[in-house]
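First the structure, in the form of structure tokens, and then the observations on it.
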Amino acid sequence: MDDRDLLEIIRPVCGSDTCSDDCAILTLPCGALVTSTDMLHERSDFPAGMTGWQIGWMSVAVTISDIAAMGAEPLQIVLAIGLDTEERLAEIVLGAQACCDTYGAVYAGGDLDAHSELTIVSTGVGIIRDGEPVRRGGAKPGDIICVTGTLGRAILGLTGDSRFWKDLCEPQPRVREGTVARLAGAHAMMDISDGLAISLYDIAAESHVGMEISSGRIPLPPEADVQVALEAALYGGGDFELLFFISEEKMKNLTIPVTQIGRVSEGLKITMDGMELPKKGYLHHW
């Protein structure tokens with residue numbers, strides 16, 4: 001089983017409406033708060049060679065990326081850190097603070113404990129002051145499928161290409177882009193940290209639609225081998241870019257550079273270049 005299978009155990013308890021997005025939502029009279037939490041382990045999430053500062057940065061960035069995917073502004077981060085050795089703490093919290101400072105969030109402490117493996121749980125709160133969050137369930141047939149940035153960089157760094165090592169270790173959440181997409185009228189959005197393919201399937205499942213994308217339109221690093229980079233972009237994960245869906249009419253409202261990779265279709269099939277796209281991505285398995 002993988003983490004998406006296990007989510008089906010949680011849905012009946014919490015309710016599908018609260019378990020279907022990058023963040024949980026608390027509606028306010030004048031906007032909304034969004035919250036997300038992420039658990040990272042050294043063996044599975046922090047590659048050998050990462051500095052403590054980069055570990056702290058990444059631990060915060062993954063949560064801020066979830067907040068960005070709702071079109072929200074990050075407010076506050078708390079970290080629960082299970083330390084394997086106390087000497088690592090100072091560098092980790094400096095990296096965490098740097099990421100918070102970069103994206104306008106407050107690092108507000110958290111919890112400390114001893115642990116045999118370095119484990120960090122990051123919890124974040126974001127706010128939308130002027131509207132509603134963008135969820136995963138709003139994609140409509142005819143919508144244009146858009147992504148920010150270039151994809152595949154993180155896995156290229158993980159597999160030995162030093163040109164992309166920083167992309168892997170110091171992800172840059174797309175907070176501004178998420179807000180712009182929300183204000184432009186995006187119908188659905190999520191981050192693609194688990195890979196583009198599985199993210200398309202996640203949106204399709206919540207929106208009850210199909211999708212048609214073109215491999216030639218997926219933005220890849222020009223300096224990398226095309227096929228290797230395409231595989232990394234589709235299935236590798238680690239790219240904290242945004243995937244969103246917007247009508248052709250509302251595309252003119254966007255003030256950020258994005259790439260159009262396809263369209264939403266009727267039915268439930270997802271295809272790339274006319275062939276069914278494998279449902280694969282970065283998953284935790286039990």
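All positions are counted from 1 along the displayed chain.
In case you wondered, yes, glycine gets a Cβ from its N, Cα and C as well.
According to Swiss-Prot, the features are:
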- D22, D66, D191: Mg(2+) 3 binding site (BINDING)
- D22, S36, D66: Mg(2+) 4 binding site (BINDING)
- T37, D38, D111: Mg(2+) 1 binding site (BINDING)
- D38, D66: Mg(2+) 2 binding site (BINDING)
- D45, Y282: substrate binding site (BINDING)
- G110, D111, R136, S193: ATP binding site (BINDING)
- D194: Mg(2+) 5 binding site (BINDING)
Listed binding-site residues among D22, S36, S193, D194 whose Cα sits within 10 Å of Y282 (substrate binding site): S193, D194
From D22, D66, D111, D191: binding-site residues whose CA lies within 10 A of S36 (Mg(2+) 4 binding site): D22, D66
Listed binding-site residues among D22, D38, D45, D66 whose Cα sits within 10 Å of R136 (ATP binding site): D22
For the Mg(2+) 4 site built from D22, S36, D66, further residues of that chain with CB within 8 A of the site's CB center: D21, C23, V34, D38, T63, S65, I67, A69, M70, G124, D191
Cα distance (Å, whole number) from T37 (Mg(2+) 1 binding site) to the residue listed as 'Mg(2+) 5 binding site': 16
Residue with minimal Cβ packing [other Cβ atoms within 10 Å] among the binding-site residues D22, D111: D111
Per DSSP, three-state class assigned to D45 (substrate binding site): helix
Structural state of D66 (Mg(2+) 3 binding site), classified by DSSP into three states: helix
Cβ within 8 Å of the mean position of the Cβ atoms of T37, D38, D111: remaining residues of the chain near Mg(2+) 1: M39, T63, V78, L79, A80, G110, I120, V121, S122, T123
Of D45, D66, D194 (the binding-site residues), the residue whose Cβ has the fewest other Cβ atoms within 10 Å: D45
C-beta crowding around D38 (Mg(2+) 1 binding site), within 10 angstroms: 20
